[in-house]
Amino acid sequence: GLLPAAAPAVAYSAAPAVSHVSYSSPVVSYGAPLAAPAITSQSSNILRSFGNLGQVSTYSKTIDTPFSSVRKADIRVSNPGVRFAAAAPVAAYAAPIATAAYAAPVAHAAYAAPVAHAAYAAPVAHAAYAAPVARTIGVAYSAAPAVSHVTYTGLGASYGW
């Protein structure tokens with residue numbers, strides 16, 4: 001007869017159970033937006049001197065979040081008294097030049113005494129005196145250059161300039 005059928009060389013078995021793979025789940029679900037708190041502050045101040053001759057104006061603002069931190073400050077100093085003190089009034093005076101000459105009249109009268117025939121002429125002014133002109137000293141004031149300072153701390157790095 002017939003020979004029994006030979007068993008196959010490879011035997012198949014039922015599929016094994018699927019293993020469970022897990023990754024570390026995020027702390028924040030991606031379906032819900034993150035509402036991170038932010039802390040802010042701002043302040044402004046103007047300090048004036050007596051008679052409003054000078055003032056210092058300051059303004060500052062900060063914003064802090066878990067991810068970043070920002071700080072801005074603006075300080076301005078003004079002193080209009082310096083501007084007026086530097087520009088002193090200038091007084092200039094020059095005496096007028098003498099242009100008229102005076103000559104005394106000649107004596108023509110005769111006396112019993114000897115006759116005077118000489119004429120007298122007053123000296124003519126040759127030079128006029130002019131006072132020196134006061135000159136201003138050239139002092140120029142300009143605004144202070146803008147200064148910016150920035151700091152950043154995050155992602156393992158800190159920068160400042």
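Glycine is no exception: its Cβ is also placed from the backbone N, Cα and C atoms.
Features of the protein shown, as given by Swiss-Prot:
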- 6-9: repeat '1' (REPEAT)
- 14-17: repeat '2' (REPEAT)
- 35-38: repeat '3' (REPEAT)
- 87-90: repeat '4' (REPEAT)
- 103-106: repeat '5' (REPEAT)
- 112-115: repeat '6' (REPEAT)
- 121-124: repeat '7' (REPEAT)
- 130-133: repeat '8' (REPEAT)
- 143-146: repeat '9' (REPEAT)
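With a cut-off of 8 Å between Cβ atoms, the residues of this chain six or more beyond the repeat '3' (35-38) that come close are 63-67. Under DSSP, residues within the repeat '3' (35-38) fall into helix, strand and coil as 0 helix, 0 strand, 4 coil.
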